[in-house]
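Colleague: So Swiss-Prot says this about it:
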TOPO_DOM  1-57  topological domain 'Extracellular'
CARBOHYD  N40  N-linked glycosylation site
TRANSMEM  58-79  transmembrane segment
TOPO_DOM  80-89  topological domain 'Cytoplasmic'
TRANSMEM  90-110  transmembrane segment
TOPO_DOM  111-126  topological domain 'Extracellular'
DISULFID  C125-C221  disulfide bond
TRANSMEM  127-148  transmembrane segment
TOPO_DOM  149-170  topological domain 'Cytoplasmic'
TRANSMEM  171-191  transmembrane segment
TOPO_DOM  192-240  topological domain 'Extracellular'
TRANSMEM  241-261  transmembrane segment
TOPO_DOM  262-289  topological domain 'Cytoplasmic'
Amino acid sequence: MEPLDQTPGFPLSPEPNYWYETTPSLLLVSYPHLLDISSNQSTQSVPFQGSSALLTAVIYITVFVVGLTGNTLAIYVVLRYAGMKTVTNIYILNLAVADELYIVGLPFLATQNVLSYWPFGSFLCRVVMTADSMNQFTSIFCLTVMSIDRYLAVVHPIRSTKWRHPRVAKVVSAAVWAVSFVVVLPVVIFSDVQVRPSRPLQVGTSSKCLVKRVQETFNSCNMIWPEPKNVWSTAFILYTAMVGFFGPLLIICLCYLLIVIKVRHRMSAAQVGAVVSTCPLNICCLSRR
């Protein structure tokens with residue numbers, strides 16, 4: 001009998017849906033006993049992919065431990081000491097809480113990366129996706145509010161006194177969280193476990209004719225859009241880009257531009273640079289999130 005052709009996409013049976021496909025990472029996790037009969041091409045690529053997934057998981061766990069510790073300490077300090085409850089620190093507190101939402105979801109993402117599928121079900125998929133999106137938008141909106149607060153403190157120091165108060169900062173923070181949740185409603189509605197149709201997985205060798213068929217099901221936590229999917233996906237990308245990046249970026253740049261215009265005639269160049277030194281930092285944080 002002739003050896004099986006290892007060319008991807010070559011049909012191994014007359015049935016139209018039975019196609020050969022090399023999936024070494026999935027075999028390594030779900031069907032390790034089949035690696036002995038896989039092709040040389042597959043066995044050579046498995047250690048690399050397995051090591052890559054393991055390294056990514058280690059990085060995720062490291063970020064989880066360090067981030068959880070640091071953000072928890074920041075939250076504790078602001079809540080524990082009354083003198084720390086300033087307007088700026090209240091916004092920083094909300095940034096730390098938003099980061100904790102993302103950090104708590106890292107073990108789930110690391111597990112999906114190692115196993116190459118989502119094993120936690122639909123509910124946790126929606127929770128993790130929502131927490132991740134809430135982190136992004138809440139952090140961005142908090143940075144924007146902090147820029148507005150800086151603008152009020154520098155340009156309108158007297159008139160803004162009644163607005164720059166911890167009680168007002170708490171109300172603004174609550175509004176930021178509410179707006180963020182409204183913004184991420186598409187994620188809450190459309191995130192789910194995506195299940196690809198089961199199909200036979202066929203493995204052969206060049207030395208002998210050997211075929212084993214295994215039913216493969218690949219689950220991933222993702223956004224599942226209604227038809228037409230391309231239109232929904234593109235609209236969501238544009239929507240998040242405008243609301244979560246370009247809009248806040250415009251407000252932040254405008255605030256610091258007005259600050260520069262206000263103080264440039266009253267301060268030296270070095271002092272002006274000190275006042276606006278946090279603007280590039282805010283923009284970098286905005287682009288990172």
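Using N, Cα and C of the backbone, Cβ positions are placed for all residues, glycine too.
Have a look at these and tell me how they're positioned relative to everything else.
Modeller: Within the chain carrying the topological domain 'Cytoplasmic' (80-89), a Cβ under 8 angstroms from the stretch's Cβ atoms is held by residues 146, 149, 164-166, 168-169, all 6 or more beyond its ends.
With a cut-off of 8 Å between Cβ atoms, the residues of this chain six or more beyond the transmembrane segment (90-110) that come close are 56-57, 60-61, 63-64, 67-68, 71-72, 74-75, 78-79, 120, 124, 128, 131-132, 134-136, 138-139, 142-143, 145-146, 149, 166, 169-170, 173, 176-177.
When Cβ atoms from all protein chains are considered, those within 10 Å of C221 (disulfide bond) total 22, not counting its own.
Below 8 angstroms of C-beta separation, residues 88, 91, 94-95, 97-99, 101-102, 104-105, 108-109, 120, 172-173, 176-177, 179-181, 183-184, 187-188, 191, 221, 223, 243-245, 248, 251-252, 255-256, 279, 282, 285-286, 289 of the same chain, each at least six residues beyond the ends of the transmembrane segment (127-148), sit close to that stretch.
Here the topological domain 'Cytoplasmic' (149-170) has long-range neighbours at 85-88, 90-91, 255-256, 258-259, 262-263, 275, 278, meaning same-chain residues at least 6 beyond its ends whose C-beta is under 8 angstroms from one of its own.
Note on the topological domain 'Extracellular' (192-240): mean pLDDT across this stretch is 71.
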Colleague: In three-state terms from DSSP, label C221 (disulfide bond) for me.
Modeller: strand
Colleague: Around the Cβ of C125 (disulfide bond), how many other Cβ atoms lie within 10 Å? Please give the count over every shown protein chain.
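Modeller: Its Cβ shell of radius 10 Å holds 21 other Cβ atoms.
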